[in-house]
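J.: Attaching a single structure in structure tokens format; questions to follow.
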Amino acid sequence: FIMKERCGTATGGAEDEGEAEAGWIEGAAILLSVICVVLVTAFNDWSKEKQFRGLQSRIEQEQKFTVVRGGQVIQIPVAEIVVGDIAQVKYGDLLPADGIFIQGNDLKIDESSLTGESDQVRKSVDKDPMLLSGTHVMEGSGRMLVTAVGVNSQTGIIFTLLGAGGEEEEKKDKKGPKQYTVSKQQDGAAAMEMQPLKSAEGGEGDDKDKKKSNMHKKEKSVLQGKLTKLAVQIGKAGLVMSAITVIILVLYFAIDTFVVNKKQWLPECTPVYVQYFVKFFIIGVTVLVVAVPEGLPLAVTISLAYSVKKMMKDNNLVRHLDACETMGNATAICSDKTGTLTTNRMTVVQAYVGDVHYKEVPDPDSVPAKTLELLVNAIAINSAYTTKILPPEKEGGLPRQVGNKTECGLLGFVLDLKQDYEPVRNLIPEEKLYKVYTFNSVRKSMSTVIKMPDGSFRMYSKGASEIVLKKCSRILNAAGEPRIFRPRDRDEMVKKVIEPMACDGLRTICVAFRDFNSSPEPDWDNENDILSDLTCICVVGIEDPVRPEVPEAIRKCQRAGITVRMVTGDNINTARAIAIKCGIIHPGEDFLCLEGKEFNRRIRNEKGEIEQERIDKIWPKLRVLARSSPTDKHTLVKGIIDSTQVEQRQVVAVTGDGTNDGPALKKADVGFAMGIAGTDVAKEASDIILTDDNFSSIVKAVMWGRNVYDSISKFLQFQLTVNIVAVIVAFTGACITQDSPLKAVQMLWVNLIMDTFASLALATEPPTEALLLRKPYGRNKPLISRTMMKNILGHAVYQLTLIFTLLFVGEKMFKIDSGRNAPLHSPPSEHYTIIFNTFVMMQLFNEINARKIHGERNVFDGIFRNPIFCTIVLGTFAIQIVIVQFGGKPFSCSPLQLDQWMWCVFIGLGELVWGQVIATIPTSRLKFLKEAGRLTEKEEVPEEELNEDVEEIDHAERELRRGQILWFRGLNRIQTQIRVVKAFRSSLYEGLEKPESRTSIHNFMTHPEFRIEDSQPHIPLIDDTDLEEDPALKKNSSPPSSLNKNNSAIDIAKLNLHSRFAPVGQRNLNIYETIYRDIYI
């Protein structure tokens, strides 16, 4: 008692032994609250991770490959391929296993993912027949005998090397070797990045996943950038407020105790004063905890994960989680025509045969017998043998089209002419085809050469009508005999046949043939000579009907402020007709429809270089780009993204299905690959896979994307209101009454419901069609609009007014004891319990207000469509009753009477009424309100990210994938040294036969002698030093001064050969660096 007197009012008041012993409760309660928050966050992260892995495994399971088993061609999951399988490979495939090429045509492989050489390698049965997993088929088709799968395949071996670090090996389950993704760097140079599929480590949202697997995209997603900036601003403000709170409390206590009351700091009083300072520090931490929006990453994560799950039902398989948020900001969509806007079910509806233009499929009797036989042979033989028309699955249904849809349309034409293509294929099986020029985006045609019984050759050709007709010098007449076909005849045919067909929206295909003598045998590699002097058999018009739901979907896009552009390889008239049917262009509008050639002519200067200013003149009005190559598509996408002509940076979505669409899909903000028609390469380059290949699914993605953005805004509006109120109450209360009206544990509970439950409730709002009635937000629009700021400040004013009223006159209103200036360890007061309860009730009802962020009046609209929201609001209310009535000392709560409860709920309900009052105030009048969370252009690409061009691997990843980087560096340094050694050894080979050139990795690996291809590699090395700039190497001619140097160069070469395929570790890296240094010195 004497000590109490000496230490002043420090410990005076109603305190007994029991209360003092209960001091640990507050600490334990805080710890429990923290554990709750951590566990809930961890659970959310775990469920997100599980979902992400589920998506990835689904992507893997969906990857199927065609094999021949028991004479039947079947598709099986990649994981089920076994050694000994005969696999069919075709253009666009990513090879899942190693094998030997046993039969095929014009097969070219991109082995850059293994060798780093960007040149395509031609494969043949007798010369270089090895096919390796992880490489891409760029041209042609064929069959291979599988020789190695899983860990024993080339990719598996590298993957094992990468995962050789002990713990990684332990973690790896049986599926391990299959779990890799191949991604190409944007510049076309290739590095195979086999990443074990891991999601982001923490709750920072799935944006990290995107960054890891899609390193070419340096810009943060729009939302991520804005949130990061806002969170930093709020965090700084919170830190300042908490520091000021602690300083004021300490100063107030010190001045009051030592200056006003003139007390001495006695040694025995130290524990008492320390207790006070600890209490002040806890209040300061409480202010900081409430100020910082920890729930922000959680809200983003939940919203994205929820959206991704729901998007699966809307046929959008999201590969990179922040793609759906980016899609909400899309301002332009560059879409393919075939299969996306159309049904991709091709049928021949018009034909020009024997000088007659038939508006429907002709009667077989009206076509000359000779022409009919040539036509059937040309279509049956000059198509992929995997393309077939199968009987319908259900009786009365349409025949099933398997393989290339255009070829299916032509085979269907053969069947409509009452002919059969199977006997022709049986007579000339695929193995007997002499030479095949497969279809690619450059040729725009396909040709097949067969050997006739008399030893001569015949070539059948088909392709885009205007391209093939230019190569025709004859045409079959009404009697089936060839007649001269002059350029003026061709012009007349284009006007009278092809253009009318194209204007009906038909794809026009020309079928032709040419005969060659047996001797001398033509030079088949001289393509220009071979593909000329053709005889035209017929021209057909193939209809690909517009999907019935597409016009409405495009109308929604246009209403939502998104410009839809069609980029197609088809004839311009066909493209324009389809664009009108879809509603992409409307007669009378000011728009451009260009062909690829014209587009290139307009965007390039005299030197043939692309100029951004020229693109800027075209893209705003461009709606249709026809006869375009994949390069044109990439150029257009890049041009729109890089344009500074408009105030907002354009956010571009692109659809693609072909291998060559990869660069455009990568460059786009969001790349959509076709799930059915898309090649593996296109899927790898994409962000979202459309499982039904339908354009209307893209509109759903836009809706979900905007919903994610709105969900985050709703959560922010709710959270910031709570933050502002809680911080001001804690700060003011602490300064005036030397104690925070809201205790630490109560603040943590508020934070728990705020952060976790509110983010769950508001982030799971389902999207509505109303989202498509507004324009995209754009990159520069602030996250917190003026309307939201009005709502935040308006509700904060209401809540603060009532809380301060209760704080200073509440005890008189309710006729209870005052809780102000209570001594340390005093029991909970009814007064402060009412304040806490009223505060929570106001937050609960304000959560309903937060559902609307654009000033709508009906906040209950669609509330029952979100059962999660209703459950959380009711659940939180129930838990609050338990805390107040039974929380006692840990929660600093005293049980309340029924009438006190009714007042708390009544004040909470006032939030809804106050919300209507705020909605009445026009935002335009409140000019003083500032927006927050704006992302300026300069901040879009942080400087440190721009400096990542050389390796594009950030520090965290550098640690994670050390082995991988060593592997790539090792391989690239080998290439570097080889080129350097070539400079030194040039004199050695003088007078000797030049070493044989070796392009394929197999030659490189199977021949022990040191022979290297003379051509320069086309890829930038991952190593920091750019050898191209070294003048001594550029000349490649100055012979070394002494033979010793040559010998050392050869020794280096041998040393390289020994260490080349050893597991790359630090030892090897040191050897490489030593060699590198020696050569340069």
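In case you wondered, yes, glycine gets a Cβ from its N, Cα and C as well.
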J.: If you check TrEMBL, which stretch out of 574-594, 868-888 is marked transmembrane segment?
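T.: Within the set 574-594, 868-888, TrEMBL attaches transmembrane segment to 868-888.
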J.: Same chain only, please: residues at least 6 beyond the ends of the transmembrane segment (715-736) with a C-beta under 8 Å from a C-beta of the stretch. Say none if there are none.
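T.: For the transmembrane segment (715-736), the far contacts come to 230, 234, 238, 241, 244-245, 248-249, 252, 280, 283, 286-287, 290-291, 293, 295-296, 299, 303, 742, 747, 750, 754-755, 758-759, 762-763, 783-784, 788, 791-793, 795-796, 799-800, 803-804, 807, 839, 843, 846-847, 850, 853, 933.
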J.: Would you mind listing the long-range same-chain contacts of the transmembrane segment (280-306), meaning Cβ under 8 Å and 6+ residues beyond its ends?
T.: 37, 41, 44-45, 47-48, 51-52, 202-206, 223-224, 227, 230-231, 234-235, 237-239, 241-243, 245-246, 249-250, 253, 321-322, 324-325, 708, 711-712, 715-716, 719-720, 722-723, 726-727, 730-731, 734, 739-740, 742-744, 747-748, 750-751, 754-756, 758-760, 762-764
J.: Give, as a single whole number between 0 and 100, the mean pLDDT over the domain 'Cation-transporting P-type ATPase C-terminal' (740-918).
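T.: On average, pLDDT over the domain 'Cation-transporting P-type ATPase C-terminal' (740-918) sits at 87.
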J.: Which residue counts does DSSP give the domain 'P-type ATPase A' (63-161) for helix, strand and coil?
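T.: Tallied per class, the domain 'P-type ATPase A' (63-161) gives 18 helix, 50 strand, 31 coil.
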